[in-house]
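Enquirer: The active site, involved in ionization of N3 of dUMP, leading to its activation annotation in TrEMBL covers A:Arg222. Residues or ranges marked as FAD binding site in TrEMBL: A:Thr89, A:Arg112, A:His113, A:Arg114, A:Glu120, A:Asp211, A:Leu212, A:His213, A:His217. The dUMP binding site annotation in TrEMBL covers A:Gln109, A:Trp110, A:Ile111, A:Arg112, A:Glu120, A:Tyr121, A:Ser122, A:Ala123, A:Arg124, A:Arg195, A:Arg222. Residues or ranges marked as region 'Disordered' in TrEMBL: A:1-23.
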Number of protein chains: 4
Amino acid sequence: MPLTPEQRAEIDASRLTPSQTSRPTVPALEAILFTPTELLDHGFVRVVDYMGDDGAIVQAARVSYGRGTKKVSEDTGLIRYLMRHRHSTPFEMCEIKFHVKLPVFVARQWIRHRMANVNEYSARYSILDREFYLPDPQQVSAQSVSNRQGRAGALSPEKAAEVLDLLRQDAARCYDHYETMLDPEGYGLARELARMNLTLNTYTQWYWKIDLHNLLHFLSLRADSHAQYEIRVYAEAMLDILRAWVPITAQAFEDYRLGAFTFSSGMMSVLRRQLAGETVLQSESGLSKREWDEMQAALSRG
Amino acid sequence: MPLTPEQRAEIDASRLTPSQTSRPTVPALEAILFTPTELLDHGFVRVVDYMGDDGAIVQAARVSYGRGTKKVSEDTGLIRYLMRHRHSTPFEMCEIKFHVKLPVFVARQWIRHRMANVNEYSARYSILDREFYLPDPQQVSAQSVSNRQGRAGALSPEKAAEVLDLLRQDAARCYDHYETMLDPEGYGLARELARMNLTLNTYTQWYWKIDLHNLLHFLSLRADSHAQYEIRVYAEAMLDILRAWVPITAQAFEDYRLGAFTFSSGMMSVLRRQLAGETVLQSESGLSKREWDEMQAALSRG
Amino acid sequence: MPLTPEQRAEIDASRLTPSQTSRPTVPALEAILFTPTELLDHGFVRVVDYMGDDGAIVQAARVSYGRGTKKVSEDTGLIRYLMRHRHSTPFEMCEIKFHVKLPVFVARQWIRHRMANVNEYSARYSILDREFYLPDPQQVSAQSVSNRQGRAGALSPEKAAEVLDLLRQDAARCYDHYETMLDPEGYGLARELARMNLTLNTYTQWYWKIDLHNLLHFLSLRADSHAQYEIRVYAEAMLDILRAWVPITAQAFEDYRLGAFTFSSGMMSVLRRQLAGETVLQSESGLSKREWDEMQAALSRG
Amino acid sequence: MPLTPEQRAEIDASRLTPSQTSRPTVPALEAILFTPTELLDHGFVRVVDYMGDDGAIVQAARVSYGRGTKKVSEDTGLIRYLMRHRHSTPFEMCEIKFHVKLPVFVARQWIRHRMANVNEYSARYSILDREFYLPDPQQVSAQSVSNRQGRAGALSPEKAAEVLDLLRQDAARCYDHYETMLDPEGYGLARELARMNLTLNTYTQWYWKIDLHNLLHFLSLRADSHAQYEIRVYAEAMLDILRAWVPITAQAFEDYRLGAFTFSSGMMSVLRRQLAGETVLQSESGLSKREWDEMQAALSRG
């Protein structure tokens, strides 16, 4: 249960008094504004504010005086053209602000995307809640052998349960001692020091604001199958939000980025030979085994 | 007259249909949304969109669930504290988007502020209008002798008129030939080439989006007396917009940044001696002549 | 003749006194350090400083204590893997600094790449030289009809000569009046004002420093056939410099980026059908005419 | 003991073979290149590479052809002018690359400085060492009452010892279980999951590259008395490195930034009254109690 009744009440209060605005407004996004999408065991992502819509991209690309929308079909064509040819600046003209609750080890991956604005809850200034991430048993997975930075299948239910016991007990004991050290009647240790005793699955939270171009870049990396599951679930939730916010852009993004595959100059040579009817073997393709496999996987995905 | 009737009609059409939104909304900014503030002879700046308000800064600084506003006095205190101690991230949580029309030589200064998003009208793709900046006669100023990158007083009315004639004739002739070279019935030269014949006072326009922290940085440099007059008028117009948008932040900015002065460690030593009643001469101050003058100027400004 | 004897002497003096360093050093780049590659009629690009080499990328990717180089073949494999999978951070660990002389209208395109450091020669502070770009007659090209932001074939020699006359005369006259207005014995106009009379083909110069990741991004856009010729010649010269500096990275870049083509999800479907032996028509491909043509062009390029 | 003999051997090997270079070279920095400055109980910072020197700042500011150095006194004057007037771009023309070993909770503060390049040791890909930060007993401090994000004096030696026992035992147990979970003969848990059991005082390491302007900004915040002790020791070590690398810039930085104090417009009014001989009370100063105290503290520091 990620949200307390008090937090829900605070969120609900935000929604009570809509205002009039002349700004571009997206009803489908207004409908989910402030509402948390719950993730993992205690996490969430929710939209706190946004600027712009599909039309704002067109408007900026044309540097126009008015809303710039002529026909939906023309706007769609332009947005798809901009996406296909990797024009980035018109997409930078939309902005979105999220409130995210996430485990610290996920936050450490996430923050590597520098082209965003962040305000994180400060454990120097405040005390973190007793909340830490424990994976679903099906997510308690073995180290992959083929991929040094990936995971293979789930451990057996018994082993998973034992691992979860270790994680739970260590996180709980560390948090207990965090409280012990902080207790003003006891040690009264400085918060900026006590926090170092917490485990990396402790939840933190932040406000995170990013423009649409950089959000798409984030999603292309983090909604990808190579991303760690625990950050991918956030990216996938944000992909749903994207579809509500800028549906034309979201569709273009899925067609030209998420579902796309880049062929190297060597792969292009192989492809040309194959399309000409030639049977090409890896050994005579000029591609490394790894590249060959990546190409075959992309072509067979269907 | 910077705007044609068609452009005005386009702008007016944007305002016709306000929407309902649950986002933070600033009535004083809605009132001037889309409306150009006219500047120089053909320029303008107008707000096209915005995200956040004073409350959003507080909300982000507290990473809160709701609007986060307790009492106005507390919010004011927090914003002033953040400004005084140069906390930048909460101010990054607000964003504003402008449409600006400005001479090319001003655009070249402006673009040096990299932490912003820009879509400029493309002279590769489109044809620029016949509009070039000619200063007011009072702004036709002599080179400063003391400041290599500044201007002194205005030229005499006669000399100013002659200078303006040169500027007007050269810009007009260059534009005439730009049209001659572009004419599809004549040379039909590529737009991307023909544009090189235009003078640097030709007007261009762009959409420019920036977060509040970086906007304040821009304003602190460009609303300053050392900035060139032709960019300063834009900064001053944006300072008025700032006051409408985030009045508490704008006041803190004027108190702690625009009206502030930084004393170096050497100046602090002098100050301490002076406050202790000592009369300090420049020659025995440890400050260079230039630093001494800067300090005296700041103290006498009143 | 882009360089005066005085400038050449200054450059030559830089090279006289090599120092000892323990930093990664690239002999092939040292050999061309400071030497301008001359471009267009008055432009140049030259390397002023650099940090890192191919090995530094490997070292950073491994966060290693020493130079990190095991075998060249392993390093090559790692760099190619990083390039193929768009890992950006290890490439950010190399840095290069250029001194570039270029026409203002090219500088305006160039500066849009924000992830770089720039110091431009200041026309507020100093007086620009009488140098403006006049294209080679073969580059005086007609506007493309099919591509709104491109050029078609060259104008006839007669028309090109007339266009060049217009460009030359206008630039010269504007520069004459720039001098007239600046003359301290005459108008003595402020430099920051007088410069607005110059045409956009006037040469400027700057120091430009960028990390290798962002340099590759710049080159992928500006060494491309869609880039305007006048910026492309700079990008191509920098590509040669890249090959001298980081040869393994340069080769990977050409294989996986410059020579690559990205197939959208729709194109991938078509490709799978074609490889299965089916003949696919554009009308039944699900691709727009434009996408279809782009795909066919990529496949036939060979 | 932060470095193993193997790591020392790797570092020593880097230094064996100096090369000839025509690049700006700083003997005082070459002398400490690669050598770790040891910090905290297992941390270090060491310079891995650098670009530029004091002269390079002058050279860029002048956009000059040669080294640009005329007289040392002129260069010093220019650098001090640039620092005093907050010109940032010439300082961006120098770059430095560090290898840093630091506790995760320090890394989380540090990474908030986005204008830098980072390659961190990956705990998805590799296994972290059994090293965690335990403060010196004198640094085991109580929570400050007056400053919510600061610490007060040290706990009693007995209490400090008990706190250190808790920290040591929890970190050790968590690391033991990390190994248990990773063991390929046992659970064989994926590294990307097992790492979440580690405590926030675990050491990580990274390559961190930054330009001189942004380094000064980092140091102005992190070498400050308000910074947490555990990051301040790194900043102070880097300040020593700065003095070796760019001595003129370092001195200007200490005079105009570190030792400087900014008076708000309200403080300036008070100052003017005081210098005119008036006795001003806080109650009639127009300053808040907090601002008044900050001003008095700055003036009495001397």
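Cβ atoms are placed via backbone N, Cα and C, with glycine included.
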Enquirer: What's the CA to CA span in angstrom from A:Ile111 (dUMP binding site) over to A:Glu120 (FAD binding site)?
Expert: 10
Enquirer: Binding-site residues A:Thr89, A:Glu120, A:Leu212: which sit with Cβ under 8 Å of a chain B Cβ?
Expert: A:Thr89, A:Glu120
Enquirer: Which three-state DSSP class does A:Ile111 (dUMP binding site) fall into?
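Expert: Once the DSSP labels are grouped into three classes, A:Ile111 (dUMP binding site) ends up as coil.
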Enquirer: Once near-sequence residues are set aside, which residues in the chain of A:Gln109 (dUMP binding site), 6 or more away, have Cβ atoms under 8 Å from its Cβ?
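Expert: Within the chain, A:Gln109 (dUMP binding site) has Cβ neighbours under 8 Å at A:Gln228, A:Ile231.
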Enquirer: If one measures from the C-alpha of A:His113 (FAD binding site) to the C-alpha of A:Arg222 (active site, involved in ionization of N3 of dUMP, leading to its activation), what distance in angstrom results, rounded to a whole number?
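Expert: The Cα atom of A:His113 (FAD binding site) is 11 Å away from the Cα atom of A:Arg222 (active site, involved in ionization of N3 of dUMP, leading to its activation).
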Enquirer: For A:Thr89 (FAD binding site), just give me the three-state DSSP call.
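Expert: A:Thr89 (FAD binding site) sits in a helix per DSSP.
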Enquirer: Checking interface proximity: list the binding-site residues among A:Thr89, A:Ser122, A:Arg124, A:Leu212, A:His217 whose CB sits under 8 Å from a chain D CB, in sequence order.
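Expert: Cβ contacts with D, in sequence order: A:Ser122, A:Arg124.
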Enquirer: Between A:Ile111, A:Leu212, which of the binding-site residues has the fewest other CB atoms within 10 angstroms in the structure shown?
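Expert: Taking A:Ile111, A:Leu212 as the binding-site residues, the minimal 10 Å Cβ count falls on A:Ile111.
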Enquirer: Taking 10 A as the limit, how many CB atoms besides its own sit near the CB of A:Glu120 (FAD binding site)?
Expert: 19
Enquirer: Within its own chain, what residues at least 6 apart in sequence put their Cβ under 8 Å from the Cβ of A:Arg124 (dUMP binding site), listed in sequence order?
Expert: A:Arg191, A:Glu192, A:Arg195
Enquirer: Which one is it: of the binding-site residues A:Thr89, A:Glu120, A:Ser122, A:Leu212, whose Cα lies the shortest distance from the Cα of the residue listed as 'active site, involved in ionization of N3 of dUMP, leading to its activation'?
Expert: A:Leu212
Enquirer: If you draw a 10 Å sphere around the Cβ of A:His217 (FAD binding site), how many other Cβ atoms fall inside it, taking every protein chain shown into account?
Expert: 17
Enquirer: What's the CA to CA span in angstrom from A:Thr89 (FAD binding site) over to A:Ser122 (dUMP binding site)?
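Expert: One finds 33 Å between the Cα atoms of these residues.
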Enquirer: Return one of helix, strand or coil for A:Arg124 (dUMP binding site), based on DSSP.
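Expert: Reduced to three states, the DSSP call for A:Arg124 (dUMP binding site) is coil.
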